[in-house]
Structure formats: C-alpha cells, structure tokens
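Asks: Once you've had a glance at the structure underneath, I'll fire off some questions.
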Amino acid sequence: MQHTFIYDTCLWILSILIDFFFREVKTRGSFRVPRKGPLILVAAPHANQFVDPLILMLQLRREVGRRTSILVAAKSYRQRFIGLMSRAFGAIPVERAQDLAIRGEGKIFVVAEGDKTAIHGKDTLFTKHSVGDTLLLPNNYGSSHIASIKSDTLLYVKREFRGEDAERVLLSPEGSSYKVAPEIDQTYVYNEVRRRLVKGACIALFPEGGSHDRPEMLPLKAGVAIMALETLSQHPDCGLQLLPCGMNYFHPHRFRSRAVLEFGSPLSIPTEYVELYKAKKRREAIQGVLDMIYDALLSVTVQAPDYETLMVIQACRRLYKPAHIQFALPKVVDLNRKLIVGYNHFKHDPRVIRLHDKILLYNRQLYRLGLRDHQVQSLQYSRFMILYKLVYRCCKLFLLALGALPGAILFSPVFIAAHRISVKKAAAALKASSVKIQGRDILATWKLLVALGMTPILYSFYALLCCYYIYSYKLIPHSSIFVYTVPIISTFLFPMVTYAALRFGEVAVDIYKSIRPLFLALIPSKANAVYILKDERKQLVAEVTDLINKLGPELFPDFDPDRITTTIEKPERPSRFARRLSSSVASDVDNLSQLHDTDLNSEVSAPAPLQNVYLYSPNPSALPPSDEEEKDINDKAKLIRNALRQRMGQRMTEIRSRDTPPEEVFSESDEELSD
C-alpha cells in the first residue's frame, strides 16, 4: 500500500456512509484473520455491488488493522468516480470476459448421442470468432473455451458443458442462444497480485466474478486458484494463505438494514496441488483449489436453493428459538446456515415435507393479516390493555414523528433522487445481466453514490439560504460579532437535525410496526383469526422443535438442544443506559478476545470438558482439566470472566445512580431480522 494516508482518509469518509446506511454491521471470527503475511481473502456471496468491498475493507481495518487491496472490474475502474476511489484504495483492475461478450448469431445445440464437445449451429457464423474465445450460455449455465473452428456451423470446445441446465438448453429442439467473449490476457493481473503478495499484502476478491441477488452462490471463477498457485509455484516459502469470508445480509438493499461478516479458518494450499500446477497438470490443480475454497465458503455463508426455501428456513428458525432467548446477530446467521444444511440433507423425509408445507401456509396467513411472526407470539388477549397500548403507542408515534419531520423534509430530495436513480440503474443492470433476479444488488450501491454526491451540495445550499435570509432581513445586527458565526453554525446545524431525525425515525418505525396487530386484536372479526393463528403457531413450535431435536444429532454429532433451551431468560426491554452498558461490555469482550486470541462471539471447538463453561454463567465452573493444555485454557477463560464481571459491576453502579428513563422501543427485535 503506497499511500496509506489517502487510503485511511478515503475509508474514513466512506465509513460515515456505511454507518448511516446500515443499522448494524457485525463481524464473527475476526480472530482468524492473520495479522501479517500474504493473504488472499475470498468473499461471497457478492450481494452488494460496491458496498461489499467497502464493508470488507472497513471491517478488516477496524478489527485487525489490515489494509486491503480489492480486485475490481476494469469496466467499473474506467468510471470516473469509481476509478478515482479504486486508485485511492490501491485496487487492481481486472478485465472480465462477460463485459466484452457479444451476442452470437443463430442458435447452438449438441447432438444427444454424439461428441458433447462438438457444438453445432443453426444460422451461425462461427468463423467470425477465434480459437481461444469463450462461449457463454445464458443465465450463467456454463462457459467453455473454443478449441477449434471447423465451419460456420461447427466448432469444438475444450471441455463439454456440464450441468442439468446446460444439457437442457443445448439438447432442446430450438437450440440455445449464446454469447462469445474474446480471449483476455490476464498476465498483468497475475503478476501484480503475485508482486503484492510476496511483499505481504492482503488481496480481497469475489470469486463469483460479479454481483448478483440470487439466494445461492454462483460457480467460482478459476482466477483465484491461478493467482494462489502461480504465487506459490514461484515463491513456495512466502507463507500464502486463503481466508474465506461470508457476506451475510438481512435485506441488503434496504436503508438501515443489518450485515454480518463471518471469517472462516485460513487455508493453506497443499503441496501436491502446487506440484501438479508446475507439472502442467493445471486443470487438476486449479479444480482442487476451487473445491477447497467452495467448501470453505459453504461453512461461512447461508446457501438456499431458492427464495421460498430461504423464507421457510428463516420461519423455522424463529419457531425453534424459544421466546425468552435473544440471539446475537452472528448466532442468527449460524443457526440459519445449520438449518439449511439439515433441510438439504433431509428434504425428502416425509416429516420434513409435511412441515415445509405447514410453514408455507403459516407464512401466507401472516402475509394476509399483515403481521409478523414475533407479533403473533407476543399478543395477549386483554381488550383494556390492548386499547391502552394502542393509544399510548399512537401518542408516542405522533411525538416521534414530529421530532423526525424537520430532518426528513431537509433530506427528502436525497431520498427521492436516490430511490429513483437506484431503481433505474437496477433495471438497466437486470436487462444486461444473465444471472440477476431483480437487480437488488445494485440498489444499495447507487443509493449511497447518490447520497454521497447530493448531500454536500444540498446542505451547502441550505447553509447559503440560511445566511442569505439572516443577512437580508437583519435578524442579527450586522455590527454584531455573532453575524460571522452564522455560516459555521448553519453548516453543522442542518446535518445534526437530519441525524436527530434518523434516530427519532428508527424508534418511530419500530413503534409503527407494532400498531397493526394491536388494532387487529380490537376488531372481533380479525381477532378470532389472529388467535387461531396463535394456536397454530404453538402447534408448529412443538412440531419444529421435536423434529429438529430428533434429526439434529444424526447430522451434527455435537448437537445439544439444551444449550439453547436452557439459556438464561431474556430480560425486560433494556433502557437507554442498559443498552449503553451492553454496548460497552461487547466492546470489552472484543478487546479481551483479541488479547487472548479467542473469539468469544463464535463457537469454539473446545475439548469436551470445556463445553460446559459459559461466559455469563452465575456460577462458572469447569471440570478438572485432563492435561496442561486444558488447564491453561480454563485459566484464560476465568481471567476473561473476572475482568468482565468487574467492569460490569462498575458500570452497573454508575447506572443505579441515575434516574432510569421510561421504557422505550429503540430497535427491532431479533425476530424482525428476516421478516
């Protein structure tokens, strides 16, 4: 990294946008990131076009202090603003075949009983293309390099197209459309990556090759494997490692959504793959490395075969989680992932199929009533209390709306412009892409870009307008010294008003979401449906819990339902000071975990005697250590617990000396994360 000051300054400026757009960004497993040495960080799924690399660089800088170089598409690198930021961050441009691909003439097909590498054409002009070009099937069904061209209607590819989708379109009577991308020389990219890695740099890339909004990962490109093998073949003692990173979002395109970055264990490429690569058996070596990376990414991402399955899995997680349990955000992601693994393994089991259909029906009933799952389980039948809560929350919502109104009006031009421009850009990207479903991976990027460009101009205009109004109408005498402070005050005042509106608005939105179920409970015709649905939910909870507890041990040997069902009960909704305490304690945990190289927010594969040691247990204890290593681990765990208890006791003393404010709703509950 040549210009560290420019890197840190630009990252700090853009971090303001990230903190403004996302309500919460968490990291899990950051202790696994090597602090020094060459590192290729492999991130997936690529669900937010330019936001993903920005969050990745920001969290790596905050958590482990490493500056990261990103591989960026040359098409984006040539854009004025994106190129400027990419150069400031030391990004490496990569020319992608799909950016240069052109639509081929006619249709292509293969003969069912013939050579699958022989591609036949109808009304095609294969001789216009060259050997080495890439033949691309639609919807990312597959690609292959052209080995030889025999005529305008016959060519051979280096390897046959594999996969059910590729075979279906190529064997269809009408044939398949296709694109042809020219051969690209990536020597510069490989040399530049190798040069930086040898110097101990951290290179991050997205091996899917582009952003998308699909619920599953796209096939990985071979570039990451070639970069790693090329570096190790020439510098075998450089100590290069690969690190998987899962980019997990809750509604990535929405304002004030949440994100979790999960880092897996570092991978070292086996020597046999490097030897195969040197021996010109590159296909075997590259495929072996890609399989390693793909398996590692599966352990840190949530992969669902389709959107409907993802919704069922998230509903299943809410039904399985006891109401008194409050999961941390990384734990929600981990439980979703394990449920998907279990579903894919047992999806043909009649019990799973029957439960799948029941949950789908339950979700549809929630949608028709306009309710969310956590609102059903928390509804209590007492008309007087329901009416009291409804009136109280409506009054509170009115006051909060008044507080948020000035800032909302000031910022409304940015909101309107960002929404319209992002929708247009998403539509254009969807039209040009063969892998996107709705183009949602573009929305957050363009919302942030529009806000970054418009906000300084808009608030400068407000400041000038304020100064003009005060000077023209002599609201402050021109002879007063305070007249010179007007530009400074107005420059800071309007952003502060907008930020206050943001905080008021968050609380107001949470209260607004809680009003509908209260209103429905007061209507006799709707109340019956709500309470019938509540009974159905109780039955679903019992069925889901029973089935997971039966099937879980078959797939996960260390599965223990008591670790969830016996967790301490969730306390009452925290006050402002209690939330501040929780945030401080979380910070202390992070600091202590770095000190002891232990991630307290992740599942640690400890020996069996240590699995009954809980950080916040009222009476922490451990079984007698069987050897010196376990004893050392127990000592470290006790040290961390004692430090946290002492810190928590000091802060609780401070809190008790203050007046506790009235109960307020400050954030969405865990149950709302995936609704």
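Glycine too: its Cβ is placed from the backbone N, Cα and C atoms.
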Asks: Swiss-Prot tags one of S143, S602, S669 as phosphoserine; which one?
Replies: S669
Asks: Verify whether three or more Cβ pairs under 8 angstroms connect the transmembrane segment (397-417) with the transmembrane segment (481-501), leaving out any pair fewer than 6 apart in sequence.
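Replies: Counting Cβ pairs under 8 Å, at least 3, so yes.
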Asks: Using a Cβ-Cβ cut-off of under 8 Å, list the residues of the same chain that are 6+ residues beyond the ends of the transmembrane segment (397-417) and lie near it.
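Replies: For the transmembrane segment (397-417), the nonlocal Cβ contacts are 450-451, 454-455, 458, 462, 494, 497-502, 504-505, 507-508, 511-512, 515.
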Asks: Looking only at residues six or more beyond either end of the transmembrane segment (2-22), which have a C-beta under 8 A from one in the stretch?
Replies: 51, 54-55, 57-58, 61, 67, 85, 88-90, 255-259, 444, 447-448, 451-452, 502
